[in-house]
Amino acid sequence: MKLVVDANIPAADACFGAFGEVIKCPGREISAEHLRDADALIIRSVTPVNASLLAESAVRFVGTCTIGIDHVDTHYLAEHDIAFASAPGCNAEAVVDYVLASLLTLAERQGWRLLDRCVGIVGVGNVGSRLQARLQALGVEVLACDPPRAEREGVSEGKSGFTSLETLIEHCDVLCLHTPLVSTGPHATQHLLDAERITELAHGMVVLNAGRGDCIDGLALRSRLASQNDLTAVLDVWENEPAIDAALHDLAMLATPHIAGYSLDGKLRGSLMIHQALAAHLDQTSELTLDDICPPPALASITLQQALPSEDALRLCARAVYDVRHDHERLTREAHALGLAKGFDTCRANYPLRREFSTLTVRLRDEAQTLATILSVAGFTVVLA
Ligand SMILES: NC(=O)c1ccc[n+]([C@@H]2O[C@H](COP(=O)([O-])OP(=O)(O)OC[C@H]3O[C@@H](n4cnc5c(N)ncnc54)[C@H](O)[C@@H]3O)[C@@H](O)[C@H]2O)c1
Ligand SMILES: O=C(O)[C@H](O)[C@H](O)COP(=O)(O)O
């Protein structure tokens, strides 16, 4: 069996080597030529999978080690009896870590407390629901918007815990987008935040997008930021990646190269989920587990010797695991050296090893019960001693 695998997929040999010959290729370069005699295609989000890629190929299985599937023509696969698997939820914890790390950084820079803000979450799926749970457990007020879920669950707006995007825009201090890219239909998300809604955003609002770039009208956001400079933008995803809008990049307070989900844990979970899906497709059993492919964290524990204000302690622990400022600085540096598009992909290909909050054990004095609860609901492993 011949498998063509995106070269950016970690543990590719451990996860796919046992099935056959693994040919690695940068995801953006995988072409019909590479797939002519391939049986399986294992990708991440940067390889458009459609008729022009697959028409001449022998591929019978496509697996994307990502949650987003907007790069895959699933109708074409179904029509041609090509099996397909994605990795829902694999990197959701990492994205929530990214959001918390970003908001804690903004709070410090702008002199507010995250715990006092009202956060609106648009798209309450694997990422959004985990974000909602962590924020609410911290005591942050959260408003949630997910019309497809409200419809699926047969609940009316208001009573369901879901509310409209307009209400979020009206009431929230922070708006977090975690929607997939859907181009058509009643719940299309293409330019969900369009020029009109961007005009309505209140002075001082934070807009964070870690869903898909096309969910925001980038030109309209750029023009609001450039003309009024009264919003704070945290952008991990962009229109036209990797050739993103340089002016919008410069105007964002935190600008990162689509790495919100890039914890090692999240990427390896994605590889493992597609390994399991391929094994099932081939009627094989697999005993491979995350522990087989995921190393222990380099930083396993820290001790907080003094009682700190809760938000300072949160920020300290978050940064011990993941400092989002480094990702912002790295993109700016690489863009300066290589140009924005090349710098964007270089940052992604050479991404430093990042772990999830849960891999850090925070040791606290016995009397710090309240702080222990806060750190624990924020995602850390906490031990009182
Ligand atoms: N930046 C990153 O690194 C990164 C990482 C993971 C996921 N993502 C993106 O974020 C998206 C969400 O991830 P997820 O794992 O939570 O996916 P998910 O499919 O579990 O959840 C998406 C949610 O969005 C809701 N939704 C769909 N259309 C909507 C609309 N018009 N308005 C409001 N809500 C809507 C869905 O009902 C669903 O509940 C993914 O599709 C992917 O594109 C990005
Ligand atoms: O859809 C997803 O899972 C995320 O956007 C994921 O982080 C994308 O990773 P990439 O394909 O860009 O490596």
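Just so you know, glycine gets a Cβ as well, placed from its N, Cα and C.
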NAD(+) site partner of Thr179, Asp236, Gly261 according to TrEMBL, chosen from Asp146, Asp312, Asp323, is Asp146
Of Thr66, Thr285, the one that TrEMBL places in the same substrate site as Ser45, Tyr262 is Thr66
Whole-Å Cα distance, Ser45 (substrate binding site) to His258 (active site, proton donor), is 10
Close to ligand 2, in the sense of Cβ under 6 Å, among Asp146, Thr179, Arg212, Asp236, Glu241 as recorded positions, are none
Same-chain shell around substrate excluding Ser45, Thr66, Tyr262, C-beta within 8 angstroms of the CB centroid, reads Arg44, Cys65, Ile67, Gly68, Asn91, His258, Gly261, Lys267, Gly270
For Gly261 (NAD(+) binding site), the spatially nearest of the recorded positions Thr66, Arg212, Glu241, using Cα atoms, is Thr66
Here the Cα-Cα span from Glu241 (active site) to His258 (active site, proton donor), rounded to a whole number of angstrom, reaches 9
Rounded to a whole number of Å, the separation of the Cα atoms of Thr179 (NAD(+) binding site) and Arg212 (active site) comes to 7
CA pair Tyr262 (substrate binding site) / Asp236 (NAD(+) binding site), Å rounded to integer, equals 11
